[in-house]
Amino acid sequence: MEPGGLEWLLGPMQQLVSWGAAGAMVFGGVVPYIPQYRDIRRTQNAEGFSTYVCLVLLVANILRILFWFGRHFESPLLWQSIIMIITMLLMLKLCTEVRVSNELNVKRRSFAAADSKDEEIKAPPKRSYLDFDLNYFWHWSKFADYVQCVLTFTGVTGYITYLWLDSSLFVETLGFLAVFTEAMLGVPQLYRNYQNRSTEGMSIKMVLMWTSGDTFKTVYFILNQAPFQFSICGLLQVFVDIAILLQVYLYSYYPQKPVSHTAHPASTKAL
């Protein structure tokens, strides 16, 4: 085959590979949460998923989008953040609905005053998300309150970013905070496994999906010369995933002395 023919064939193939990599980058991050979403809908039990995962990912991806305004990076990375935010809001909506429906006949944890007629249950004092009480924060009974909180955070950080957009130091710091927050998502799970000396109840399949996804993402960052914050924190995220997998091996083949702890259900990088 003539060289010209090879170039005619390789050109479209390279373009398809590029499109495929971009598509995987955009949607690959949400794939691990699809089975989790379906499982919650099927079982009507959201105890195995920590909504703080949604909080961390929402903060990280909102900051990443704001970083884009100061330093444009690859469009697939921007779309990935948008898709992840939508996914986390859907997860929050489902988890809130399931949790509230399961608490109809028991003490209902809500920031608002309850009109409960059950005299033996003392209702908590009236609170709102503006109280920022750690006992109530991010554990509300209405999805609208999560949306209000996200919009408030976006508005405040967006205004600050607008004021400091000309500062390269601020922009670079913003980018680092965005990817570093996401990179630290698995650390609480790592620490909880260490405390319990066990990975029982943790979905190994999910961790394997995170590891493969984070590895692909980090390679994508490096090959496409993304801002250095992305590559460094991507490597950190892979190391955390590998550390969790090492815990799986260690606690499975070399069981540790059991310690008293409450059993925890299957978790997805739960906080």
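Cβ atoms here come from the backbone N, Cα and C positions, even for glycine.
What TrEMBL says about this one:
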- 16-37: transmembrane segment (TRANSMEM)
- 49-71: transmembrane segment (TRANSMEM)
- 77-95: transmembrane segment (TRANSMEM)
- 143-164: transmembrane segment (TRANSMEM)
- 170-191: transmembrane segment (TRANSMEM)
- 229-251: transmembrane segment (TRANSMEM)
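As a quick check, the transmembrane segment (143-164) and the transmembrane segment (229-251) miss the bar of 3 or more Cβ pairs under 8 A, pairs 6 or more apart, so the two do not touch. Here the transmembrane segment (16-37) has long-range neighbours at 48-49, 74-77, 79-80, 83-84, 87, 90-91, 94, 205-206, 209-210, 213, 216-217, 220, 268, meaning same-chain residues at least 6 beyond its ends whose C-beta is under 8 angstroms from one of its own.
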